[in-house]
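Asks: This is the structure, below, for whatever I ask next.
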Amino acid sequence: MVPEYSRFYNILGYNFKDCTLLIRALTHRSKTKKNYERLEFLGDSVLSFVIAEVLYKQFTDLAEGKLSQLRSKLVKGTTLAQLASSLKMDEYIILGASEQGGHKREKILEDVFEAVIGAIYLDSDFATVKKVILKWYQPIISSINLDTIKVKDSKSKLQEILLQNALSLPEYSIETIDGKDHEQQFTVVAVSKDLNLRVKAQGTSRKKAEQKTAEKMIEMLSQQGLHEKK
């Protein structure tokens, strides 16, 4: 165990065998090319599956749309940033000179949270990282009140509208990324092949841009008479 990380290991509830994985998971691209971005990509997928599985098993009467809505709530940026802060990840993030002061930024915390999950997965196995994730999420999952889950995020709402009308889901892609690291603007394009629609919007993160793109597509569908069925 690397001494300076012993406290962090205790907070995470996991001891890394290969500490270089953890260091990379904590390193922002403003510091070096060997940063957390690839681990973030991996961790995002691992987290999404673990949460989907636990919700599927715990809420056996929920329809697919409600499960998707609930998962979106649990893996959204704000939730991940809050969990990262509670695990003191902000105290260990490694930033370059251009990003100093960014330890508390929601986007960076969200990315690091997913990257640490990716690092734990590579350092161990799926069963281990699943156990760690569920420990972190236990207070949130145990406090879920289905009666209070009313507001859908735009991507989930769009998904329900399309599925209810037997239409394929849109494909999201990044068109451009403008600005410096700490003030980037993402332009995302959403394409619905079945409806021959192409919509774009901007946001300060990919996820925010995707949500705005979904909002625009919902408005266009509404004009065509396609609404969410209650």
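Just so it is clear, glycine is given a Cβ too, placed from its N, Cα and C backbone atoms.
Annotations for this protein, taken from Swiss-Prot, read as follows:
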- D44: active site (ACT_SITE)
- E114: active site (ACT_SITE)
- E40, D111, E114: Mg(2+) binding site (BINDING)
- 5-125: domain 'RNase III' (DOMAIN)
- 153-223: domain 'DRBM' (DOMAIN)
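Help me see these features in their spatial surroundings.
Replies: The DSSP secondary structure for D44 (active site) is helix. A sphere of 10 angstroms centred on the C-beta of D44 (active site) encloses 19 other C-beta atoms.
Here the Cβ of E114 (active site) has 25 other Cβ atoms within 10 Å, regardless of which shown protein chain they belong to. In the three-state DSSP reading, E114 (active site) counts as helix.
There are 20 other CB atoms within 10 A of the CB of E40 (Mg(2+) binding site), with all protein chains counted.
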Asks: Can you give me the residues near the recorded Mg(2+) site, meaning same chain, not E40, D111, E114 themselves, Cβ no more than 8 Å from the center of the site's Cβ atoms?
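Replies: Apart from the listed residues, the neighbours are Y36, E37, L39, F41, G43, D44, E110, V112, F113, A115, G118.
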Asks: To see if you understand the setup: which same-chain residues, six or more apart in sequence, place their Cβ under 8 Å from that of D111 (Mg(2+) binding site)?
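Replies: Once residues fewer than 6 apart are set aside, D111 (Mg(2+) binding site) is near Y36, E37, E40.
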Asks: Within the domain 'RNase III' (5-125), count helix residues (DSSP H, G, I), strand residues (E, B) and coil residues, in that order.
Replies: 86 helix, 2 strand, 33 coil
